Amino acid sequence: LQPLPGQSDDSSDEGDASGDTEMDFLRSLFSRTLGLSPGEKVLDELTLDGVARYILSGKCKNIICMVGAGISTSAGIPDFRSPGTGLYANLQKYNLPYPEAIFQIDYFKIHPEPFFALARELYPGQFKPTVCHYFMRMLKDKGLLTRSFSQNIDTLERVAGLEGEDLIEAHGTFHTSHCVSFLCRKEYSMDWMKSTVLSPLCGCISSPILDIVFFGENLPDRFFTSMKMDFPRCDLLIIMGTSLQVQPFASLVSSCAAKYFLGNCDTFFRIL
């Protein structure tokens, strides 16, 4: 934590006392809210170092990660909402009625071409995992990762070494592809999809082929079953690369039993 502009590193005794009073108030408030005993502290300080010490203490055994497009931007994949650089700001060439239409199921059923053209630009094999992806892999290797709940379809979690059991790909994935017709559901390989992704259609009744969840569609059943199973036993929730704008993914935080969760916005901590 850095001092505020114009504030010296050497705080006065009065400032220290004021800070201690505020921290005592917060601890008291959180203890009442969470039903903790007055002296019980989960983190010794609200910093990344404090979280690291909590993880190393052996008391933190069930970590859940919630991740979004922001963890893949340093790999070269744009996020959605960043002004100027996000996907929604750079879709003019597709002549959409509005940017979000490219991910709307009703629009896709009539005009699938814009989505598949975008998919070709983002398709797996062109990008490498980032430090965030490998951080989750490290948690898995240490036996600490309960699950990663991801909004991403880029498969970089899998490239980093997470497996299907480690992941809830809430909004679908390019890793698998099936005919969207409920009467068919034929599976297609990633290599086949990569060669035809401009407009992949199944031979059954020319239905599109993909395993992506669009706006207006239900999330996979496994999202909800895993939420009910994983979150009640979570003792640290780490949120990376998402502004939690999309439901029902954003509502996961309200299901968490963790005392603390670590968010990606200016490294903030919030108490549940």
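Our numbering is plain: 1 for the first residue shown, then up by one each step along the chain.
Keep in mind that glycine also has a Cβ here, set from the backbone N, Cα and C atoms.
Because TrEMBL annotations are produced automatically, they should be read as predictions rather than curated entries.
As recorded in TrEMBL:
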- HIS171: active site, proton acceptor (ACT_SITE)
- CYS179, CYS184, CYS202, CYS204: Zn(2+) binding site (BINDING)
- 41-272: domain 'Deacetylase sirtuin-type' (DOMAIN)
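Listed binding-site residues: CYS179, CYS184, CYS202, CYS204; maximum Cβ neighbour count within 10 Å falls on CYS179. This prediction places the mean pLDDT of the domain 'Deacetylase sirtuin-type' (41-272) at 83. When the Cα atoms are compared, CYS202 (Zn(2+) binding site) and HIS171 (active site, proton acceptor) turn out to be 21 Å apart.
Annotation for HIS171 (active site, proton acceptor): spatial neighbours SER150, GLN151, ASN152, ILE153, ILE212, VAL213, LEU219, PHE249, criterion Cβ-Cβ under 8 Å with sequence separation of six or more.
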